[in-house]
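Record features, source TrEMBL:
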{"type": "TRANSMEM", "residues": "A:6-22", "note": "transmembrane segment"}
{"type": "DOMAIN", "residues": "A:10-76", "note": "domain 'MrpA C-terminal/MbhD'"}
{"type": "TRANSMEM", "residues": "A:29-48", "note": "transmembrane segment"}
{"type": "TRANSMEM", "residues": "A:54-74", "note": "transmembrane segment"}
{"type": "TRANSMEM", "residues": "A:86-106", "note": "transmembrane segment"}
{"type": "DOMAIN", "residues": "A:124-175", "note": "domain 'MrpA C-terminal/MbhE'"}
{"type": "TRANSMEM", "residues": "A:156-173", "note": "transmembrane segment"}
Amino acid sequence: MSLVAYTLVAFILVTAVATALFRDVLSAIVVFGAYSLGMAILYTLLLAPDVAMTEAAIGAGVTTILLLLTIARTSRPSTERLFEPINVPALVIVGAFVLVLVTQLLPEMYAVGDPAAPVWSNPEVTQAYLEQTYRDTGVQNAVTAVLAAYRGFDTFGEAVVVFAAGIATLLVLKREVFA
Amino acid sequence: MADSRSTGYEDTYTESQVILTAVKVIAPFTLTYGMFMTLHGADTPGGSFQGGAIIGVTVLMLAFAFGIEPTRQWLKNSVIVSLVAGGVAIFVGVGLATMALGGNFLQYELFDTELGIPDGTKWGMEAIEIGGIALIVAGVVITLFFATAAGFTPEGRSYRTDSTDTDDEVITDD
């Protein structure tokens, strides 16, 4: 990982903690948008452009706009403090969890881009898809091929879930039209 | 510009020359980029989920610049319903078409072998990507935006006092 990536990871950590700690909701939403944008750039550096585009469009774009709209429609309590008070027992539990993850789990994981990592090196799944996709489907983007062809029925379920989310919003808001 | 006869939306809208100018310049490019990502998702990174979201966000940008209520009147409720429901219908239709040809749900190669469409698998995928998922995602993003902007109306109160827009039904007290 390059210096850029480490800087980005530090930026993401700071914005994530700031999102949780800011007492003012508007500040938290803006910092959360910055967090999503940082994640999108990190995904790009990790060679996952499809995920990066989703994170940038949905995470940094739509979510931020919807949250801003929500606080515009509600009352925002004015505060004099900048940060939330920290709950010490919660901090101890979360800190212990993070400590265990960092000391026990992280050393066991493969490095980013390690050719020996199972997700990359196995001939049965990843390599098989990469080799067969163009022959089977005629499209060059293997991610699209998996989503729309090999796992088409799953994607149909996802699309219907998105559709159901729109309907559910209307039901919750007790409306009959999208307006 | 804002229509102040109807309730609720306008109190948060401020006409800003900076935002108007920026959106006027940027909106054509975001729409084009969303269309490109949708139409070209089979061969480049991206796809209809991302492209549809960007197309939807273009409408959100217009609403921020020109006010939510004018945008809502410009983009009729029936258009958004057609986008979302039509997307689901196209997706199901492609799946049922392959079953009608004697195969399984979404068994695209039958378009090639049974109907003689060259690259049937590819065009079947393009159909559900462009005609299905992109429409659903773009429509639902716009839906969530307008629904959130309109907000929750407590029981027994009409949420709009005028009904000049015949396209929308008005929920009134019983």
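Even glycines carry a Cβ here, placed using N, Cα and C.
Bear in mind that TrEMBL entries carry predicted annotations, made automatically and left uncurated.
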Lying 6 or more residues past either end of the transmembrane segment (A:29-48) yet within Cβ distance under 8 Å of it, the residues of that chain are 2, 4-5, 8-9, 11-12, 15-16, 18-19, 22, 55-56, 59-60, 63-64, 67-68, 71, 112-113
Under the DSSP assignment, what numbers of helix, strand and coil residues are found in the domain 'MrpA C-terminal/MbhE' (A:124-175)? 42 helix, 0 strand, 10 coil
So what's the average pLDDT for the domain 'MrpA C-terminal/MbhD' (A:10-76)? 90
Secondary structure tally of the domain 'MrpA C-terminal/MbhD' (A:10-76) (DSSP, helix then strand then coil): 58 helix, 1 strand, 8 coil
